[in-house]
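Noted in TrEMBL for the protein shown:
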TRANSMEM  39-62  transmembrane segment
TRANSMEM  74-97  transmembrane segment
TRANSMEM  166-187  transmembrane segment
TRANSMEM  240-264  transmembrane segment
TRANSMEM  284-301  transmembrane segment
TRANSMEM  313-330  transmembrane segment
TRANSMEM  336-363  transmembrane segment
TRANSMEM  375-401  transmembrane segment
TRANSMEM  416-437  transmembrane segment
Amino acid sequence: MAGNNEPLLKKKVYFDNCPGCKQDRKNEASLGIPYNEFFYVWIVTLCTALPISSLFPFLYFMIKDLHVAKEKKILGFMQGASFMVGRALTSLLWGMVADRYGRKPVIAYSIEVCREEYQALGATLVSTAWGIGLIVGPAIGGYFAQPAEKYPEIFSQDSFFARFPYFLPCLCISVFAVGVLIATVWLPETLHKHNSDQVKGVSIEDLETTQYKPDFKGHIGVHEESGLPRKENLFKNWPLMSSIIVYCIFSLHDMAYSEIFSLWAVSGKRYGGLSFSTKDVGEILAISGLGLLVFQTLLYPPLEKLVGPINSLRLAAILSIPLLAAYPFMAKMSGLPLMLIVNLASLLKNTFSVTIFTGLFILQNIAVAQDQRGAANGIAVTAMSIFKAIAPAAGGAIFSWAQKRQHASFLPGDQMVFFILNVVEFIGLLLSFKPFLVQRCNN
């Protein structure tokens, strides 16, 4: 008798006309990696990264040419924080729309298109696409902005592109975006849409299956008495909120590091910098981006499977601290050894950062049911964007202050800058342990 009952307890119930159930059936039947779905998600994420990253080389000059602001401090704020402020104001709304009307109209998913064993690989798609976007985007903006000045033999001073010098890079990305928009037709919808009549008609035995538990697989919860879908208060979901708080701390650190690294690399040797050109910095970031692609595709999935998302992010945070502490002493080197060491350090630091964020992204997704992931992601992006909006101004202010204390007895010059970065990193590391950071268990 027990043998006959066991298959019933493991049975999963799927509803007709539910796009989420349709995708779950496909995931269960397909044992391999869903390369097509992964590719579509990857290019969509890349498309979201290009518009902001392509602005970096020319945004300062464009704002200045448009006479929007005259003071350099205001220009810096508009360049570094305006995008993050926009994300903070709209992310929660888009997340709620995704939960109500579907992931496909908003494009807010990555790990939902694959089986559980490939979710770590799915989670790396976002950060990998962003890494590539940070390489390709600045290249498009740098090469194609002000084309009449850079390529006078192709674009005359009386041409349309001379009158609108920043139009060409925007046009290139817009054309790419149109192609990506067409590709989204083949993206599957993953949101479960069950009406109350369907849920009430399910037997007690089927309600006991994992399909209706609010577990990490995204299955909806059900009220035992009424049989109606149940929505959890996300702000009372501590596994989610704790991962978002830790996410914000590391986001503050990462954005400040990005601001400080560029300033430190191009500053003079007498100020503790490396005296690099902007071209040198671009090459370093490009090499780091290519390294991230290899790491995220080949190395992170087995690492996450071996030690889990929490232990992997803790390990990355621990290793980041001595690495950052060594940065100020690189200024004493020169030539090829300096270039090799800085490239290696940048690659390692960005690898550690991506490991941390991918682990936290996984924790946030498994902390909520599938029908609330859009709202949960909206809360996370809103909070993260606020911290990232603060980081560039804070990082620039700290760097400017440190430049004035080159001969201080305690942590002179840039040593203080990287010490403060390490303090923020250490706070994030401490918060990644219990009882603060809690992982929701698989039911």
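Just so you know, glycine gets a Cβ as well, placed from its N, Cα and C.
TrEMBL entries are annotated by machine, without manual review.
Counting only same-chain residues 6+ beyond the ends of the transmembrane segment (416-437), those with a CB under 8 A from a CB of the stretch are 242-243, 245-246, 249-250, 252-253, 256-257, 260, 264, 310, 313-314, 317-318, 320-321, 324-325, 327-328, 356, 363, 398-399, 402, 405, 408.
When the stretches 240-264, 284-301, 313-330, 375-401 are ranked by Cβ pairs under 8 Å to the transmembrane segment (336-363), first place goes to 313-330. Same-chain residues lying 6+ beyond the ends of the transmembrane segment (240-264) with a Cβ under 8 Å from its Cβ atoms: 80, 234, 272-274, 281, 317, 324, 327, 346, 349, 353, 356-357, 360, 363-364, 367-368, 376, 379-380, 383-384, 386-388, 390-392, 394-396, 398-399, 414, 417-418, 421, 424-425, 427-428, 431-432, 436-438.
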